[in-house]
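Enquirer: Below is a structure I'd like to ask you about.
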Ligand SMILES: CC(=O)[C@@H](O)[C@H](O)COP(=O)(O)O
Ligand SMILES: NCC(=O)COP(=O)(O)O
């Protein structure tokens, strides 16, 4: 059965909207774990628009499952990760003006930089995952720079407007899963997944862990964090 990593970024988004102390993503992470989450993900953005350094520091001490830190491949972020030592770092592309992560890392083009950062993280005992589009050139490059995992960006599938487009994106994800396994990489997936669209990706098989945030936090606002996580876990288990 695929595992569920719960991304609590958007609990912090609500907090930052008022610049106050609540709701606390640390509490949300604890509730997600109580409901059965297999890991907790946070994205420490360079602009600190939601998750703050303080959140990551406390989560490192409180998360009982695994902490996955999403971050840009910069010297500042690698320095923070080597101080905090999350279980896993997922390197992601970042643009200041984007609403959310648009597209995967260009590992092929930035292979020297990414290899240097990945080597430093791995020497520090941190598992390294690269957030990539379902694109064979990028997956091969991820293998060449020594990544342990890829996380397949499912955004294009989630945003597909027609059934034909959706089927095409799903086929790309399936090919990417098989290519990752062939190269000996662990394969995770995430971005834009919700209670309606996750089933078809689960059905492909071969995904070790799904990282899901916005839709779970959105549902949690209405039904509570534990219920929202349990609802998503039920879909994964039905798989
Ligand atoms: C990398 C990714 O797909 C997301 O998990 C990421 O966290 C998106 O950033 P926002 O949480 O800021 O939308
Ligand atoms: N890496 C994907 C992630 O952590 C969650 O993305 P989303 O569900 O918030 O779109």
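Using N, Cα and C of the backbone, Cβ positions are placed for all residues, glycine too.
When I checked TrEMBL for this same protein, it listed these features:
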| type | residues | note |
| --- | --- | --- |
| BINDING | 7, 18, 192, 213, 214 | 3-amino-2-oxopropyl phosphate binding site |
| BINDING | 9, 10, 45, 50, 100 | 1-deoxy-D-xylulose 5-phosphate binding site |
| ACT_SITE | 43 | active site, proton acceptor |
| ACT_SITE | 70 | active site, proton acceptor |
| SITE | 151 | site 'Transition state stabilizer' |
| ACT_SITE | 191 | active site, proton donor |
Enquirer: Counting other Cβ atoms within 10 Å, pick out the least crowded of the recorded positions 10, 18, 191.
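Expert: If we count Cβ atoms within 10 Å for the recorded positions 10, 18, 191, the smallest count is at 18.
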Enquirer: Of the recorded positions 7, 18, 43, 45, which ones put their CB under 6 Å from ligand 2?
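Expert: From 7, 18, 43, 45, counting a Cβ under 6 Å from ligand 2 as near, the near ones are 7.
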Enquirer: Under 8 Å Cβ-Cβ from residue 151 (site 'Transition state stabilizer'), six or more apart in the same chain: what's there?
Expert: 90, 129, 130, 131, 132, 188, 189, 190, 211
Enquirer: Anything from the recorded positions 18, 151, 192 with its Cβ under 6 A from ligand 1? List those in sequence order.
Expert: none
Enquirer: Distance between residue 9 (1-deoxy-D-xylulose 5-phosphate binding site) and residue 213 (3-amino-2-oxopropyl phosphate binding site) at the Cα atoms, whole Å?
Expert: 7
Enquirer: Under a three-state reading of DSSP, tell me whether the residue listed as 'active site, proton donor' is helix, strand or coil.
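Expert: Its secondary structure by DSSP: coil.
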Enquirer: Which one of the binding-site residues (7, 100) has its C-beta surrounded by the most other C-beta atoms within 10 angstroms?
Expert: 7
Enquirer: Least buried of the recorded positions 43, 45, 50, 214, going by other Cβ atoms within 10 Å?
Expert: 214
Enquirer: Would you mind reading off the Cα separation of residue 10 (1-deoxy-D-xylulose 5-phosphate binding site) from residue 191 (active site, proton donor), to the nearest angstrom?
Expert: 13
Enquirer: Going along the chain, which residues six or more apart from residue 213 (3-amino-2-oxopropyl phosphate binding site) have their CB under 8 A from its CB?
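Expert: Sequence-distant Cβ neighbours: 6, 7, 8, 9, 10, 41, 190.
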Enquirer: To the nearest whole angstrom, state the Cα distance for the pair residue 191 (active site, proton donor) and residue 70 (active site, proton acceptor).
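Expert: Rounded to a whole number, the Cα-Cα distance is 12 Å.
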Enquirer: Around the 1-deoxy-D-xylulose 5-phosphate site recorded as 9, 10, 45, 50, 100, what other same-chain residues have a C-beta within 8 angstroms of the site's C-beta center?
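Expert: My list of surrounding residues reads 12, 13, 43, 49, 51, 213.
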Enquirer: Counting across all protein chains shown, how many other Cβ atoms sit within 10 Å of the Cβ of residue 70 (active site, proton acceptor)?
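Expert: There are 27 such Cβ atoms around residue 70 (active site, proton acceptor).
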